Amino acid sequence: MAWQSSSKVPDGEFTAVVYRLIRDSRYSEAVQLLSAELQRSSRSRAGLSLLAYCYYRLQEFELAAECYEQLSQMHPELEQYRLYQAQALYKACLYPEATRVTFLLDNPAYQTRVLRLQAAIKYSEGDLPGARSLVEQLLSGEAGEDSGGENDPDGLVNMGCLLYKEGHYEAACSKFLAALQASGYQPDLSYNLALAYYSSRQYAPALKHIADIIERGIRQHPELGVGMTTEGIDVRSVGNTVVLHQTALIEAFNLKAAIEYQLRNFEVAQETLTDMPPRAEEELDPVTLHNQALMNMDAKPTEGFEKLQFLLQQNPFPPETFGNLLLLYCKYEYFDLAADVLAENAHLTYKFLTPYLYDFLDAMITCQTAPEEAFIKLDGLAGMLTEQLRRLTKQVQEARHNRDDEIIKKAMNEYDETLEKYIPVLMAQAKIYWNLENYPMVEKIFRKSVEFCNDHDVWKLNVAHVLFMQENKYKEAIGFYEPIVKKNYDNILSVSAIVLANLCVSYIMTSQNEEAEELMRKIEKEEEQLSYGDPDKKIYHLCIVNLVIGTLYCAKGNYDFGISRVIKSLEPYHKKLGTDTWYYAKRCFLSLLENMSKHMIVLCDGVVQECVQFLEYCELYGRNIPAVLEQPLEEERIHTGKNTVTYESRLLKALIYEVIGWNM
């Protein structure tokens, strides 16, 4: 039963009813009763105190702080209300206000708690020297007997947090592990340890601690509905309860998703996010919202941009939000938007962007208007990074000579991080010449970087592409495509369809037809096996391979064979016709129509009839298939009636009739 107002509570039972609601965690109902009562008796200390407590439990920290402020004004002799006000302001991320209130507390009994709170505020503000000074004061025992020592669990956690923020992840791991052993299992502490392992790239122990948090959370709180959403079960939101917060389940699932994303297990990362306890979208925390945006960007880019833009207006927001939004704007070529966001948020630039990331974004934005200038900027950045890579290579060699495993590990991690910065710079340089179709220059850029990148999959893939595009280097392209395919041969559908298609074409162009046929049989076999488990699933790999081969023959002028191959590749239409496959098919038809209209080729009636019949099938099956995937933030949308395969296939059919002079 929900209590709407205090008038409905029987006489003499108001206090009992309120305490019963609080006992049952029905804080919203308790707030309704207490608010109504306080309208009649605004100076009730008990009422205000209970209302503040309920607001705090509901995570309405600003409202809780207002109540505690009133209480401290009404009862200045009771300093605990000022302490509670400061704690609520800290939880509301109002750090300057919280700091001001802590300075008003001078009761020695609260000295330790005040110092801890001040240290937490400094830490959250990013003032690490200030936070460390206060933590060391606590550890020294200056704040009193209850301030703990160096081996006290709280002290270990505080030092671990500081070490983590300072980038000393392994030292932080040691502190968190010691705290865990001293205090016994605690979900939040186990999460801290997992996070420190993650940041030091030790994913296996991080996942072990995450699994422990999730397993205990499921066992102790089955009511939180872990995994229900992924299984398609319609469940109610569990809300942002104190119990949910205490389990650290949300944090654990977010960290697991981040690890899977880093390991390029994108589907597992997406499932991990849906495995977490169900909450309504308005209840989601900033980290979950950020991760949802990032991990579903390919499928829902518009929604992803909206979420990241929304987060940028919040205080606080995950520190990665600003950089990720700018990088995604550049990825989707919204350079003007990226420039606007940088200009409007200069204060965030210095706080959230490293000098490397700022310089990289600046060069990417410059690419739009001054590609030559952008190339020079990127070249400067690449030069700086190659110097770092050479220095680290030398460090690793010296450490190996001295058999110093610790230095080897540290230098190797730093080398990997620097290489991950270098690759995007290199690719951005190459893209400038790629857009100009100057493929020899792209190849030259890649060859200059072979010293560092020859084992990097992204580099190898792009070298293969640029060799393939030069048309006289198919044999060299095979040398780069083949290892990528063979590495994933047992799960060949995990390889991009265009990579498989380009490898098949390269085989054909170098008279290795048997290898091409064997690869296509392997793809066909895997597609068949996959369709047994999910008959309705659309799989495009073999279709795209055949389309690219058909396109090759069309490009060589053999339209009879090429168009026939394109048509057959899309059968059956209900499983093979999609936006991507239609893109390849219509290019061949447009090329055919162009050459027919110039009277450069003549098709026999049988092939023309085959083309018309194919387009009629596309018209039938393409009603709900977009002809073009529009850019997520495009202001001028294509008319929905025109952006379908059905519309475009009708248009192509009409053009065929017009070119050959048939009457419709």
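The backbone N, Cα and C atoms fix where each Cβ goes, and this holds for glycine too.
Taken from Swiss-Prot as is:
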- 507-534: coiled coil (COILED)
- 11-44: repeat 'TPR 1' (REPEAT)
- 45-78: repeat 'TPR 2' (REPEAT)
- 153-186: repeat 'TPR 3' (REPEAT)
- 188-220: repeat 'TPR 4' (REPEAT)
- 393-423: repeat 'TPR 5' (REPEAT)
- 424-456: repeat 'TPR 6' (REPEAT)
- 458-491: repeat 'TPR 7' (REPEAT)
- 543-576: repeat 'TPR 8' (REPEAT)
Cβ under 8 Å to the repeat 'TPR 6' (424-456), counting only same-chain residues 6 or more beyond its ends: which ones?
360, 363-364, 367, 371, 374-375, 378-379, 381-382, 385-386, 389, 462-463, 466-467, 469-470
Mind checking which residues reach the repeat 'TPR 2' (45-78)? Cβ under 8 Å, same chain, six or more beyond either end.
15, 18, 22, 25, 27-28, 30-31, 34-35, 37-38, 84-85, 88-89, 91-92, 94, 97, 240, 242
Where DSSP helix means H, G or I and strand means E or B, what are the helix, strand and coil counts for the repeat 'TPR 7' (458-491)?
29 helix, 0 strand, 5 coil
